[in-house]
Structures are given as structure tokens and as C-alpha cells.
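Asks: Handing you a structure now.
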């Protein structure tokens, strides 16, 4: 084997379906620009690639290519960090510090501990991750299609529940009619069989089916001329067969089902022809397959409508899961409403407290004025009846009664009320102060 699908399918415009597809293809495209690496790539078998022998050749590529690979890795690390930040924002964790190093561990196809340079370990990780992920990719696609079909059937059943008896009967009749129309199509040839390839030879290539030649056919449909049929090149061979079953203009034909049928056909041919399981069909493998009985006298091909994607038990479990999801969502809605009611109650309490504080703030200045007035004229508030009392004898007035009055008189520059004198002293009359 010369060239592994694990690497060659990543160059060009074909999308692998992997979330790091662009990074993967750009790395391989630049590596193939280095003559030394390109030669090693075309002469290394799958097992050596898996064991990391090809990755070690990175040490011998040109400085220009290494510099570009460093740049690609930095861009990819920044892309992943942006994705992590976006996911955090969606989940409402804006105030939480992000440990990018911890989160980057989930991306096994690069060495996140060194985000600046592309090393041998990065290439080894990239190849191994792509190999493993692609092996699981078809399996995941089948699972997604199964869920799609079950959801479609679930929605149909739920719709029927909304109809009355007469409408339900009409809907069921229409459904059965569409199934029959879809199943009414020309015979589908067994994928990869002589009849199927001859039909392509005649209708797509415009050649006489009597002149069919497997080697010429292979060369005609090896689009990139690398000596192999990759998955995209194989799938292109089934277009004529799929057009017999599916027409996007027809109500009864589902284009999602068409792509699943294409995948089934490609997987079948790979299992029959790809003897070394490298996910490529070489010319030699193709020629060997054309001599087998299965190629010359194939069994009939059962299409999707003859092979339901799910069992009754799987459908039952799927609907139970949907019912549980709906119940969980309803409970979350109830909990959220309770939280909303509680927040509104707390807001009402805060508003009431705010109004109370505003009322207190408005009444406080009046209270302060009243307190100041009491300090200036305390006797008026404390003893209002003294305003009508008989004039008191200044000689008999206690000293403490004169102190507030004396202070007021002193402030006005007037004589103060006399104070009690020690024994043996007499107060000098006011008119004697001016005697010589």
C-alpha cells in the first residue's frame, strides 16, 4: 500500500466531518509541499503510520514548512480557546476564571502543553486521533440517522393524536400512499457489482457496455489520479442508483435518507473490496474484486425502505426518553416560575423598605428643628406656667436660676443678674459704682 486514507483524504476540499478538519487538511497540505516528507508519505504503510514512524520524519522537513506548521498550530490553539470561551458565555459563566490548559486536554489531536511550536508529537497525535475518529465517524452517522428516523415517526404519531377520527384516517391513508410511491422505483443494482458499474460506464461515461473494461473504468473514476478510490470517489459511483430511488421534487422522497443509503452502499463496497482495511480501494484490489462471483452474480440489494433503521424496542425506549425529557423540562419550568415568584416577592419587600426609608428621611428635618428650638427655649416648653407668675425678688433668686439669663444678657452687652456673695460681703448698689 502506498498512501493511507488517513492522510490523503484530508487534502483538497473534501470535508472529513471532524471538528478539526480544516487544521488537519492544512497540516497535510503543507507537509506534502516538502519533497522529503511527500516521498516518505507515499512509501509508508498504514501500520508504520499508526506506530508513529512517519511522524518522526517531521525533523527532516524544511524550515519554511516547520515555520508554517508552528503558525497553524498557534491558530488552532487560539480557535479552541475561543470556542471554550464562547461555550462558557453561553452557559452563563462569565465571572468564572477559565483554566484553558485543563479544558484543552480534551483535544487529543495536539499537544496543548506547547501551544507555540508544531513538533513530532503533534503530528503523531494528529494522525492517531484522525484514524480513531474516522473509524467511529460512520458509526456515529448511523446513530444520528436512527434518531432522525425515530423522531420523524414520533412527530407523525403525535400529529395523529391531534386529529379527529376522520382526519386521522385520511392522514394514515396518505402516509401509506407515500410509502408505496417511494417504493415504486426501478431495480437498484447491487453496489460495486458488474451491472452497477456497467450502468455508470454507459450512462455517465457514454461508453458501450459491451466494451466495459475494469481497469479503464478505474482510471476514469480515480478523480485525483493517485491510484486509489477513496470514500468520496466511491460514493460518486452510486449517484445513478440513488437517482432511481430519490427525487428532491417528490414529497415521498427524503434526502436525508438518500445520504444514508449512499453511506450504506459505500460501506458495503469497502467491506467487500478493501482487503487490507485501509479505507482505500487500490487498483489491484479493484481488479481482484471484479473476478469474484459476487461481482458477476450479485444478490439483490435491499434499500432502506426494506430495512427499517430501528427496532420496535428502540422506538419504545426512544419515546420513553422523550417523555422523560419533557417531564424534566416541565419541572424546570415550574422551578423557574417559583424562583421568579420569590424574586418578585423579595423585590416587593425591597420597594416597601425603600418607601419607608424615604418617609423617614422626609420627617427627620422637622424633628431636628423641634429639637433645636427646645434647646434654645427649654423653660418655655418645660414650665409654660411661669410666664404668668409674679415678679420674683432678685435677692431671693437661686444662683442656678440666673445662669441662663446672665448668659443671654452678657451676649447682648447688658448687666448680668447679681450672684450670691460670700458671707460678710454686700453687693454694691448699681448707682454707687459711679461714685468718686
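Placement of Cβ uses the backbone N, Cα and C atoms for every residue, glycine included.
Unlike curated entries, TrEMBL annotations are predicted automatically.
This is the feature table in TrEMBL:
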- 156-179: compositional bias 'Basic and acidic residues' (COMPBIAS)
- 156-193: region 'Disordered' (REGION)
- 209-244: domain 'EF-hand' (DOMAIN)
- 261-296: domain 'EF-hand' (DOMAIN)
- 304-328: region 'Disordered' (REGION)
- 356-436: region 'Disordered' (REGION)
- 365-404: compositional bias 'Basic and acidic residues' (COMPBIAS)
- 405-414: compositional bias 'Polar residues' (COMPBIAS)
Asks: If you average the pLDDT over the domain 'EF-hand' (261-296), what number do you get?
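Replies: Overall, the domain 'EF-hand' (261-296) comes to a mean pLDDT of 92.
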Asks: Using DSSP, what is the helix/strand/coil residue split across the domain 'EF-hand' (209-244)?
Replies: 23 helix, 2 strand, 11 coil
Asks: Who are the long-range neighbours of the domain 'EF-hand' (209-244) in its own chain, taking Cβ under 8 Å and residues 6 or more past its ends?
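Replies: Answer is 2-3, 5, 8-9, 12, 14, 185-189, 191-192, 194, 196-203, 258, 261-263, 265-266, 269-270, 279-283, 286-287, 290.
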Asks: For the region 'Disordered' (304-328), DSSP counts of helix, strand and coil?
Replies: 20 helix, 0 strand, 5 coil
